[in-house]
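For reference, the structure is listed below as structure tokens.
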Amino acid sequence: MKFLGIAFLGIGLWAWNEKGVLSNISSITDLGGFDPVWLFLVVGGVMFILGFAGCIGALRENTFLLKFFSVFLGIIFFLELTAGVLAFVFKDWIKDQLYFFINNNIRAYRDDIDLQNLIDFTQEYWQCCGAFGADDWNLNIYFNCTDSNASRERCGVPFSCCTKDPAEDVINTQCGYDARQKPEVDQQIVIYTKGCVPQFEKWLQDNLTIVAGIFIGIALLQIFGICLAQNLVSDIEAVRASW
């Protein structure tokens, strides 16, 4: 876990360095959308802290680090459980927030290369376009259909919205040009017209067993880690009490 944490942190810092963030820290706040690098930094930082505490605590028989490891892991488990319950209870509110989140990132599509790659991957994987439809790309200054828009991508969509030709080896990055100027029937031939929010819901329903199994497996591993750490603390304290 510790080395995985270091790897995630390294990838995050490397990506920030490539984008010039490390040389201009103020640019962190300039992004209009979500920066995917934050995922690597946060996940890497948490994994490193947990791995360091658990590893050093076990090797040095340090009860403070072991207790920190088990308590921190317990807090994460509790937060995951709470998030799962709240997600079920407030699923409509979460759907609205997801729509708001995707639209914010559509606006910032050209502002950050990592964000752009994340949106393209999402649209290609779920075969979707925009939050609830291709017209959501009107929110982006390069793709909107206003008469004042001088961009060549006007009234178009990113290439990741395009339906794929199995015989096509090279990606046509211009396949979405003028796509939304066509009638809706013709649009369905060249681009995905379903939004990513309903497509994500459909994917979740189709893969509910797998998703539930993954979350249960992670939860069991966390509980197992907490029990092992507490058991080791008890053994260490019992040995010290017998001195």
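Cβ from N, Cα, C; glycine included.
TrEMBL: automatically predicted annotations, no manual curation.
Annotation comment: TrEMBL describes CYS128-CYS161, CYS129-CYS145 as disulfide bond. Look at TrEMBL and you will find 39-59, 71-90, 210-233 tagged as transmembrane segment.
Feature map: annotations from TrEMBL on the structure.
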residue: CYS128; record: disulfide bond; Cβ within 10 Å: 26
residue: CYS129; record: disulfide bond; Cβ within 10 Å: 28
residue: CYS145; record: disulfide bond; Cβ within 10 Å: 13
residue: CYS161; record: disulfide bond; Cβ within 10 Å: 27
- Message: Do any residues, 6 or more residues outside the transmembrane segment (71-90), come within under 8 Å Cβ-to-Cβ of it, and if so which ones?
- Response: 46, 49-50, 53, 215, 218-219, 222-223, 225-226, 229
- Note on the structure: Per the Cβ filter (under 8 Å) with a sequence gap of at least 6 from its ends, the transmembrane segment (39-59) is approached by 1-13, 15, 65-66, 68-69, 72-73, 76, 225, 229, 232
- Item | Rounded Cα separation (Å) that holds between CYS129 (disulfide bond) and CYS161 (disulfide bond) | 5
- Query: Measuring Cα to Cα, how many angstrom lie between CYS128 (disulfide bond) and CYS145 (disulfide bond)?
  - Reply: 20
- May I ask for the distance between CYS161 (disulfide bond) and CYS145 (disulfide bond), taken between their Cα atoms and rounded to an integer number of Å? 17
